[in-house]
Amino acid sequence: MKSHPLKIGILSIQGAFLEHINVLTGLSDEYNLNIIEVKTSQQLHHVDGLILPGGESTTMALIAKTSDLFDELVKFVHNPNKIVWGTCAGLIFLSSEISYAKIGGQDLLKALKVKVSRNAFGKQLGSFSTQLKVPCLLEPEKYFPAVFIRAPIVESIDENSKTIEVLAYLENLDAKRVRGINHVEGEKIIVAVRQDNIIATSFHPELTRDDRFHRFFLELVKEKV
Amino acid sequence: MASNLVNGKVEQATDAFSIKAGLAQMLKGGVIMDVVNAEQARIAEEAGACAVMALERVPADIRKDGGVARMSDPQMIKEIQAAVTIPVMAKVRIGHFVEAQILEHLEIDYIDESEVLTPADESHHINKNNFKVPFVCGCKNLGEALRRINEGAAMIRTKGEAGTGNVVEAVRHARTLFSEIRKAKALSEEELYTYAKEIQAPYHLLKETVRLGRLPVVNFAAGGVATPADAALMMQLGMDGVFVGSGIFKSGDPAKRARAIVQAVTHYKDPKVLCAVSENLGEAMVVIQTFLDVVKKFFCRLE
């Protein structure tokens with residue numbers, strides 16, 4: 001007999017939400033998924049896990065505010081029984097503090113106790129793709145293809161937070177290219193983290209054919225339901 | 001770039017295009033607004049624009065003033081780049097690859113090789129594969145879209161009729177594009193070769209379009225969107241997002257109209273939201289139809 005479907009929401013107010021939906025659709029039979037585009041607070045109430053996609057963090061925050069979704073999102077991401085995953089702009093939106101915010105600041109969900117540097121590699125000319133070691137994934141010895149588009153990085157982790165785990169580092173990067181931290185040649189940069197029910201990545205697994213990050217997220221949702 | 005070598009592996013050539021196309025994917029479901037100075041750029045960012053298009057005069061003024069419309073003053077583009085954190089795009093004349101080199105030097109996030117400016121070359125477009133900065137180009141139909149992608153465009157928009165506040169041409173181009181894609185999907189392989197020849201499209205890109213059931217890159221509406229309802233119309237027709245040019249800053253209350261159009265693109269299928277955001281927006285932009293436009297319409301449908 002089939003168990004209850006996992007209800008996975010994708011915040012669909014702006015950005016690359018269809019790309020996440022496409023990857024999840026490919027895993028839908030295996031995981032028995034009910035995939036829900038979340039544009040309103042009513043849609044949010046139905047889901048077990050939520051993906052905050054890439055896009056523009058300023059746009060997402062503004063639309064969430066004007067759509068009366070913002071406060072409900074804050075409640076959702078602080079609920080330890082819900083699994084949340086932010087990619088790129090989603091990482092920024094989830095964080096508690098940022099550098100290089102827009103003039104006048106921008107609204108954040110303040111659930112993930114990290115400081116994020118926006119557009120850490122500069123403008124579009126600084127965008128790149130690479131291969132990362134991500135030990136928490138299936139087949140950990142296999143590199144994960146990571147696409148960084150005007151990407152943010154985790155600048156620092158809140159010292160008082162005991163539960164944040166780094167899932168992936170960027171290594172061997174040219175020192176000059178990163179803003180927000182005093183980066184020295186050869187130093188590692190944090191590009192994926194987990195804090196209890198929240199995971200966040202600087203890069204875009206939804207733009208690749210590798211679905212291991214989506215599987216990792218779905219396994220966490222499965223454990224909670 | 002030395003840093004292509006990260007954590008052990010070298011970036012592939014195909015990755016370079018996917019990074020260009022990837023930024024467009026992040027803009028989807030959003031509104032890109034024409035701005036002529038840093039102050040307008042700030043208004044656009046505060047209204048929720050996902051990017052801004054820096055240009056010297058909005059299309060409505062280009063139509064009115066006539067003359068040659070060119071790439072904007074780099075100083076103005078720098079001021080806009082300094083004022084906002086969202087991506088900044090800018091326009092170059094069709095075929096003017098030196099204007100594109102200048103914009104690339106400015107580290108613009110996207111270049112629009114645009115028919116809104118006066119063309120610099122009547123037979124050649126820019127070889128966009130030569131640039132690291134991604135390009136967006138206009139189209140009126142499938143063949144034109146695929147020719148631009150073949151030249152390296154990583155994003156497509158309908159041409160519409162910029163600066164008029166009249167959505168009819170944008171609708172025509174979107175309808176044509178989608179209808180041609182549906183037609184191509186129904187064809188046999190032999191017929192597809194002939195169809196590629198007919199619409200002057202590179203065969204491999206036409207085949208890829210059939211496989212995907214859509215253009216291989218992100219596709220925005222542009223050219224005449226003036227109201228939240230116009231924006232939602234284009235989204236319901238199947239576009240990935242919307243460019244708004246003169247529609248915002250040529251209207252009565254730009255900040256309010258900009259916010260309303262942003263909301264309309266997110267909630268494009270929800271008449272309740274569309275109704276609420278359409279209330280009391282003040283005057284929409286004035287439709288300008290010059291004598292020259294009428295003449296052009298009859299005599300030349302230039303690409």
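Backbone N, Cα and C define each Cβ position, glycine as well.
Taken from TrEMBL, the feature domain 'PdxS/SNZ N-terminal' covers B:17-222.
In sequence order, B:Gly160, B:Glu161, B:Ala162, B:Thr164, B:Gly165, B:Asn166, B:Val167, B:Val168, B:Glu169, B:Ala170, B:Asp230, B:Gly247 constitute the residues six or more apart from B:Gly224 (D-ribose 5-phosphate binding site) in its chain with CB-CB distances below 8 Å. Annotated D-ribose 5-phosphate binding site per TrEMBL: B:Asp34, B:Gly163, B:Gly224, B:Gly245, B:Ser246, in sequence order.
TrEMBL lists B:Lys91 with the feature active site, schiff-base intermediate with D-ribose 5-phosphate. Sequence-distant neighbours of B:Lys91 (active site, schiff-base intermediate with D-ribose 5-phosphate) (same chain, 6+ residues apart, CB-CB distance under 8 A): B:Met53, B:Leu55, B:Met71, B:Ser72, B:Ile111, B:Asp112, B:Glu113, B:Ser114, B:Val116, B:Leu117.
In this structure, B:Arg175 (D-glyceraldehyde 3-phosphate binding site) is part of a helix by DSSP. The Cβ of B:Arg175 (D-glyceraldehyde 3-phosphate binding site) lies under 8 Å from the Cβ of B:Leu237, each of these being in the same chain and 6 or more residues away along the sequence. Positions annotated as D-glyceraldehyde 3-phosphate binding site by TrEMBL: B:Arg175.
In the three-state DSSP classification, B:Lys91 (active site, schiff-base intermediate with D-ribose 5-phosphate) falls within a strand. Within the same chain, residues at least 6 positions away in sequence whose Cβ sits under 8 Å from that of B:Asp34 (D-ribose 5-phosphate binding site) are B:Val52, B:Met53, B:Leu55, B:Val58, B:Pro59, B:Phe243, B:Val244, B:Gly245, B:Ser246, B:Ile248, B:Phe249. Classification of B:Gly163 (D-ribose 5-phosphate binding site) by DSSP places it in coil, neither helical nor stranded.
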